[in-house]
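Input: one structure, supplied below.
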Amino acid sequence: MEEDNKPLLDSVRRGSYTDKGSTDSLDRGARRPFHVEHRNIVENDPSERVSAEASVLSSRVHYYSRLTAASDRLLSPPDHVIPCPEELYVYSPLGMAFKVTGGDGGAKNPSIITIFAIWNTMMGTSILSIPWGIKQAGFTLGIILLISMGLLTLYCCLRVLKSPKSIPYIDTSDWEFPDVCKYYFGKFGQWSSLLFSMVSLIGAMVVYWVLMSNFLFNTGKFIYNYAHNVSMSDTEFGTNGSERVICPFPDTGDHKGNCSSGISGLYLNNNNYYYYGNDTSDTAVFDRWWSKTNTIPFYLIILLLPLLNFRSASFFARFTFLGTISVVYLIILVTLKAIRLGFHLEFHWLESTQFYVPEFRLLFPQLTGVLTLAFFIHNCIITLMKSNKHQENNVRDLSVAYLLVGLTYLYVGVLIFAAFPSPPLSKDCIEPNFLDNFPSSDVLVFVARTCLLFQMTTVYPLLGYLVRVQMMSQVFGKHYPSFFHVFTLNIFIVGTGVCMAKYYPNIGSIIRYSGATCGLALVFVFPSLVHMISQKRRGELSWPSAIFHSLLIVLGVANVAGQFFM
């Protein structure tokens, strides 16, 4: 028996070849299972037999396994001898075989599915701030920056996608970009990539809390006004007609104090809206207990804090399709509003007027900060592309996905900016959340806010789960070390969201700060450094490549600095 299990080629006779072969012991071929003697296969038909081809492959694998020990790669079976993933079976001691389903071989998606998966993942809350960002940069410069940032972030994303393959002699098939950073930069790369990833996730959760407070406030206001027959009259801050557009926070006082005195029961509440109706005292009580910044952020704690403490987020993952529905509805809403409002554009290149902003403004870094987060998918792109059926098309599919994302942002941003009615309103009235430029009584906008509210309520626990898994696994080595640890982390996250929703509910600024900060490391610095180091180790680093990638790092630093000085 012992002689049957002894390899035919003894390790002594192989000499130095053993050490050389062991360096590649982690290659994917060494991890693939062997076929065993053919028996009955249990699939749909219990009497189904292993094919003749599989039987021949089984004999070949047994031949190779007898030549050397299992730990040696010198004479291990080549790839063409190992059965393909679709023909793998799990064998029981009784000689029965069960076909593997749902594994990597069965989870591959065609290119069209991969492209729209990336599009759906990138389409987040940033789409609501794109019109505001274009206003801050100027219409012409905003379009140029949107296209340029899309191309730059696409290139850096391609560098991230290819980074594991640039590491020789190591199996990187299950590596993520933080693993690549750890390989090149040690513990500093691992923890810094984790830190900046936390900035992007927690920043997104803060934006979600602010937006959920906003949407819940306007949804409740719509229902209350409809049930109590309360009408809003804020014409001094907006346009007249059926397609109302409002300016919630005008920069000057010229718009104030011009309301008609002929309306009885008119008053100004703490949200800058005028109401007239039969019972203003009840409305005042409602406004006191249903405030966008004073009460709503705290009401959300009752709903969302318990959801964050769930051990698994699989239940909420079932509702991710709502993101696609919400984005499609937003595109339809923007199209309808643009058709009904028409275009209102005048081009003033460097000087602003009463109703229009210049085409080039010094506030453009605010748009680049927003766009950095809008095009940010670098921390999960390797995982997304692993499910692509045709790996040779990864570059093409990722480029097409970025093209669709850029076109979506461009479509929404340009239409909202162009259709904003100027005059009578100034383009400077465009809000960081463009839905705030429509009154709560707008039915189409009410539907959009309700859909987004429900979608964000289901996505928020998923983001919290990602934060918990990444942080707890690195610090404690467990995804759920204890209820106390998880509850403390969730209290910090929720408290940050409540404070921002109460004291600084500007999603445009939150997005640009968090986007520029996380983008500094994960979009510009680490991908560029990893690429230059790998090229240098291969002796392929050229001066043009070094200058270009160094310039990308400088742009990332300037992007962060611009958020504080512009």
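Numbering starts at 1 and runs along the chain as displayed.
The backbone N, Cα and C atoms fix where each Cβ goes, glycine too.
Annotation comment: TrEMBL describes 1-35 as region 'Disordered'. For 112-132, 138-158, 191-211, 296-312, 319-343, 363-385, 397-420, 443-463, 483-504, 510-534, 546-565, the entry in TrEMBL reads transmembrane segment. What TrEMBL lists as domain 'Amino acid transporter transmembrane' is 114-223, 296-562.
For the listed features, I'd like the structural context: burial, neighbours, distances.
Here the transmembrane segment (296-312) has Cβ contacts under 8 Å with residues 209, 212-213, 216-217, 290, 457, 460-461, 464-465, 480, 483, 486-487, 490-491, 493-494, 497-498, 501-502 of the same chain, all six or more residues outside its ends.
Outside the transmembrane segment (319-343), and at least 6 residues removed from its termini, the chain residues within Cβ reach (under 8 Å) are 116, 120, 123, 127, 243, 245, 408, 411-412, 415-416, 418-421, 438, 444-445, 447-448, 451-452, 454-455, 458-459, 462.
Below 8 angstroms of C-beta separation, residues 111, 114-116, 118-119, 122-123, 126-127, 130-131, 133-135, 139, 142-143, 146-147, 150, 153-154, 157-158, 161, 245, 327, 330-331, 334-335, 337-338, 341-345, 371, 374-375, 381, 385, 388, 427, 429-430, 434, 437 of the same chain, each at least six residues beyond the ends of the transmembrane segment (397-420), sit close to that stretch.
Outside the transmembrane segment (483-504), and at least 6 residues removed from its termini, the chain residues within Cβ reach (under 8 Å) are 202, 205-206, 208-210, 213, 293-294, 296-298, 300-301, 304-305, 308-309, 464, 467-468, 471-472, 476, 510.
Remote same-chain residues near the transmembrane segment (546-565) are listed as 152, 156, 365-366, 368-369, 372, 512-513, 516-517, 519-520, 523-525, 528-529, 531-532 (criterion: CB distance under 8 Å, separation of at least six residues from the stretch ends).
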For the transmembrane segment (443-463), could you work out the same-chain residues 6 or more beyond its ends whose Cβ comes under 8 Å from its Cβ atoms?
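201, 204-205, 208-209, 211-212, 214-216, 218-219, 222, 303-304, 307-308, 310, 313, 316-317, 319-320, 322-323, 325-326, 329-330, 333, 336-337, 435.
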